[in-house]
Amino acid sequence: PEEAETEAGAAGGRWRCGRCADGAALRWCITGALCASFLGLGMSIAVLGPTFPNLAANVGKNVSDMYYIFVGRSLGFLGGSVVGGVLFDCMNATLLLALSMLGTTAGLYVIPWCKESLLLTTLMSVIGGSMGILDTGANVLTLNTWGSESGPHLQALHFSFAAGAFLAPILAKMALGGSESEELAGAEKTNQSVLKSVPTPSAASTTPAPKDHQDGDFLWSYIIIGTYILFTSIFFFALYSKRSSARDKSKATAQKGRLAKYHWPLVSLLFVFFLFYVGAEVTYGSYVFTYATVFAEMTEGEAAALNSVFWGAFAVCRGAAIFGAAFLSPATMIVISLVCSAASSSALAFLAHYRALLWTGTAVYGASMATVFPSGISWIEQYTVVEGKTASLFVVGGALGEMCIPAVVGYLQGRFHHFPVVTYAAFVTSIMTVLLFPMMYKLANVPQEKELKEVTDSETRKALLTNSRLTEDEEDEEDVREWNDADFEVVEMNDKLKSSLMDTSRRIPEGSPAEVSLQPHLDDVLADPPVLAGGSPGRQNGNVDWENSE
């Protein structure tokens, strides 16, 4: 029986170890899938820029008349963030992410074939809604998966987005570059054939073909990105299970009682904080090229290099933050970012006429923007529960900042042509974020009523124990003083009685009856007095001295 119990215990230990290993592997699989999805999200958003002229040509519009597709995508992103925040509290997170990426895939497949501007705007809105759901859900699922250890994983998640935004223009350039090289080769062959012979109708008809090929060749960038997102969604379907759903719901239920005392004021302040932060990031990244050519008098090549420095520092710092988050707390990373942002934006606003400070300030400003959003989500998760609705507010705040602040800066720049609005906007937004974070930190650290009650009860018990000890000590000291006073009174009385009896004995004649009767009483008085508690024995040698004197 003992061997059977030992084998059963070992089997149970192996089962628990295997279960823990399976849980850790599942968490890493979820993190990898989320990073892959954010890589696709970054490519989906950034691919619109280099292919924008081709989309305008598809619908027969000028580029200047196509601004409404950006508005449609932004409104879809806002709606998707709100709807996703509600749905993530009601259904399985991995299933919802898989469905949202399927919607993104469908939109990317259809967009290159769209010939109507209204249909193109609708598709952009659908893709924006799917992106909003993905952006909200990925942050929530990362927090639910890793809890207090989510800092490095959130940084990796947002680094994947930056990497995708970096790769998309390269992918589009490769797709369009191949058609351009074919066009040049076709034109060269046509010119050579014209020199050798008279052009035939067939040869003439082949001349515009490369241009038509170029107009349709950009679709490969959308198909490649859409296929990548499709495979990622299939992986999320594989992760979908009842077990993960039950675990997420039980974990969310366990966290219900951990709300901060000022939960919604704290969430509202972080909403405004992200609005200014994301707005400042997008505004400077969008207008730095124009600022460099107009106010810094740079060439277009130098201005493009300055723009690349900003986004390059942004991406590199996000990659480095993955390792930094393992050693630094989210609050520390936010403080470092805010200090660097305030210093660099001050240099850009007031000292940008020095060319070296312009380059350095742009690089530092881009690097300081890299870690704020993921660090902010990690920071607030330490103090309160971040559910789907809460995370959707953060995403909506960032999206509103991305929409509103660049529009306001563009309007003001159009009104004040000789005033560098973009650099002063960077300075103002940095100051706002520097002021908002201490307020949020103060609210987050306000103890709840239960904690205050526990602290008060503990202090009361401590005070009562201290007072009881002091009272006992005072009583002991008072008893000691009383016994000492009684001891001194007995000693003084014995001294007086001794001297009185000695005088009386001298006056009585020797051998008289009075002396005989007095002697026993004198012996009793001069006998050794009892030892008193807390005191000392009386004068024990008094009787001996008196007898010697006799």
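Quick reminder: no glycine exception, Cβ is built from N, Cα and C everywhere.
Just so you know, TrEMBL annotations are computer predictions that nobody has curated.
Feature annotation from TrEMBL assigns compositional bias 'Low complexity' to 197-209. The feature region 'Disordered' is assigned by TrEMBL to 190-211, 504-550. Look at TrEMBL and you will find 24-47, 67-88, 95-112, 118-142, 154-172, 219-241, 262-289, 335-356, 362-380, 392-412, 424-444 tagged as transmembrane segment.
With pairs at least 6 apart in sequence, the transmembrane segment (154-172) and the transmembrane segment (362-380) have 3 or more Cβ pairs within the 8 Å limit; the two touch. If you count C-beta pairs under 8 angstroms between the transmembrane segment (95-112) and each of 67-88, 335-356, 392-412, 424-444, the highest count goes to 67-88. For the transmembrane segment (424-444), the most Cβ-contacting stretch among 24-47, 67-88, 154-172, 262-289, 335-356 is 262-289 (pairs under 8 Å). Counting C-beta pairs under 8 angstroms (sequence separation of 6 or more), the transmembrane segment (392-412) fails to reach the transmembrane segment (24-47), with fewer than 3 such pairs. Within the same chain, residues 48, 55, 96, 100, 117, 120-122, 124-137, 140, 387-393, 395-396, 399-400, 402-403 sit at least 6 positions outside the transmembrane segment (67-88) and bring their C-beta atoms closer than 8 Å to a C-beta of that stretch. Long-range contacts of the transmembrane segment (262-289) within the same chain, counting only residues at least 6 positions beyond its ends with a Cβ under 8 Å from a Cβ of the stretch, are 303-304, 306-307, 310-311, 314, 362, 365-366, 369, 372-373, 376, 380, 383-385, 390, 393-394, 396-402, 404-406, 409-410, 413, 422, 425-426, 429-430, 432-433, 436-437, 439-440, 443-444, 446. Panel annotation: around the transmembrane segment (335-356), residues 295-296, 328, 362, 364-365, 367-372, 375, 420, 423-424, 426-427, 429-431, 433-434, 437 of the same chain, lying at least six beyond its termini, place a Cβ under 8 Å from a Cβ of the stretch.
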